[in-house]
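J.: For reference, the structure I am asking about is given below.
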Amino acid sequence: MKVLIVGAGGREHALASKINQSPIVDKVYAIPGNDAMVNIAEVHSEIAESDHQAILHFAQHNAIDWVIIGPEQPLIDGLADLLRNANIKVFGPGQDAAQIEGSKLFAKQLMDKYRIPTAEYKEVSSRNEALQYVETCDLPIVIKKDGLAAGKGVIIAFTREDALDGVKKIYQEEKGKVVFESYLEGEEFSLMTFVNGDYAVPFDCIAQDHKRAFDNDQGPNTGGMGAYCPVPHIDASVLEQTNKEIAQPIAKAMAQEGHDFFGLLYIGAILTKDGPKVIEFNARFGDPEAQVLLTRLESDLMQLIIDLENCQPIHFNWKDEAVVGVMLASKGYPGSYEKGHEISGFNLDSHYYVSGLKKEGQCFVNSGGRVILAIGEGPTVEKAQANAYEHARQIKSDNLFYRNDIGNKAITK
């Protein structure tokens, strides 16, 4: 079997690595991939992930059996539909179903209609309307841009001044939809769920992401500065409740409304005093949650995808070890940052997943905001954390930073 991974980040590096381990897979390709994937996949960086026709031509020319789409943009732009219409199997939803990530408003309206627990919300359609709303709304307030924003389109405002600044920041133009949400307090967690129509199978291991740029959850939101799994202080009963009240109902709601979803639904949830509630949905694996979950997963991912396609029972096997991933990012991220700084001290092995590196001559240099995820495994989260930071410290660069508290919530509970 030949499998093509679409995407260039750490999530796709982890997907390629995991698919490459499958005994039923003969060859893995990556478009555009990155320079760190060359040991596990045939990398075709000459094709852009936005060039859907070229991806289709490549898949047909190379007799690709399955395409796994990693990032959100190609899903929302309809790559899965194009490939499926050419009778190529795809793990990832079509454009219509990918709206669950592509539009915050679509997701909120669906949850509202089907009474899926989430924060109360208000929709506004212009900068002026938003500025008026924040003059009198309850605080704190969460401000979300309706479309995609690479994990950086969310502002939490604790003061009236912050709320006004947030609106001005999100509204670069006068018109556009923004969703205001009441602020939810509690412990956040990420639940990946396999979905095929109304058949939904959540992973029975959750992960916890760290969205803020700096220690102690300070600074702006990012795409994710680290993650770990399992989450020992959130017990199995919470997972069961999340499945019953969120995962199953949202799959059924999507099917009922005619939005045919096949792929991975990411449920970003928060455990409040009233139980789990939805913060966001994504139409694909989280990054960096994918890297830690796929490191811990012992099951054959390709076989699980085929079982999902056939609506067969899915059983997950996990390593006993905990996994912690620490993201090293370019200084300045999630704002502006310099590229082209040399980065060394790491091997292309299972201790690292690469997001934003490229090879220039014999050296690797940074080419993105999030650069490389250092992985640690151990019998406890604490031991896995120590190993992850040991691997992070081995990386040499004058232009990287990382958080020092990834996994602390599991250790201090």
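Glycine is no exception: its Cβ is also placed from the backbone N, Cα and C atoms.
Pulled these from Swiss-Prot:
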BINDING   134-190  ATP binding site
BINDING   GLU280, ASN282  Mg(2+) binding site
DOMAIN    108-310  domain 'ATP-grasp'
J.: On a count of neighbouring CB atoms within 10 A, which of the binding-site residues SER182, SER190, ASN282 is highest?
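T.: The residue with the most neighbouring Cβ atoms within 10 Å is SER190.
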J.: Cα-Cα separation of VAL142 (ATP binding site) and GLU280 (Mg(2+) binding site), in Å?
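T.: Their Cα atoms are separated by 12 Å.
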J.: Write out the long-range same-chain contacts of GLU174 (ATP binding site), meaning residues 6 or more apart in sequence whose Cβ is under 8 Å from its Cβ.
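T.: Listed in sequence order: SER126, ARG127, ASN128.
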J.: Give the sequence-ordered list of residues that share a chain with GLY166 (ATP binding site), lie 6 or more positions from it, and have CB atoms under 8 Å from its CB.
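T.: Once residues fewer than 6 apart are set aside, GLY166 (ATP binding site) is near VAL134, ILE143, ILE155, ALA157.
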J.: For the C-alpha pair, I'd like the distance in angstrom between GLU280 (Mg(2+) binding site) and SER190 (ATP binding site), rounded off.
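T.: On Cα coordinates alone, these residues lie 10 Å apart.
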J.: For the domain 'ATP-grasp' (108-310), provide the mean pLDDT of the predicted model.
T.: 94
J.: How long is the line from the C-alpha of PHE158 (ATP binding site) to the C-alpha of ASN282 (Mg(2+) binding site), rounded to the nearest angstrom?
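T.: That separation, Cα to Cα, works out to 26 Å.
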J.: In DSSP terms, helix, strand or coil for GLY166 (ATP binding site)?
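T.: DSSP assigns GLY166 (ATP binding site) to helix.
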J.: Roughly how many Å lie between the Cα atoms of SER182 (ATP binding site) and ASN282 (Mg(2+) binding site), rounded to a whole value?
T.: 20
J.: I'd like the number of other C-beta atoms within 10 A of the C-beta of VAL134 (ATP binding site), please.
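T.: Counting Cβ neighbours of VAL134 (ATP binding site) within 10 Å gives 21.
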J.: Using DSSP, would you call SER182 (ATP binding site) helix, strand or coil?
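T.: The residue in question, SER182 (ATP binding site), is strand (DSSP, three-state).
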J.: Reduced to three states, what secondary structure does DSSP give VAL142 (ATP binding site)?
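T.: Going by the DSSP assignment, VAL142 (ATP binding site) falls within a strand, counted as strand.
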J.: Would you identify the secondary structure of ASN282 (Mg(2+) binding site) according to DSSP, in three states?
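T.: Going by the DSSP assignment, ASN282 (Mg(2+) binding site) falls within a strand, counted as strand.
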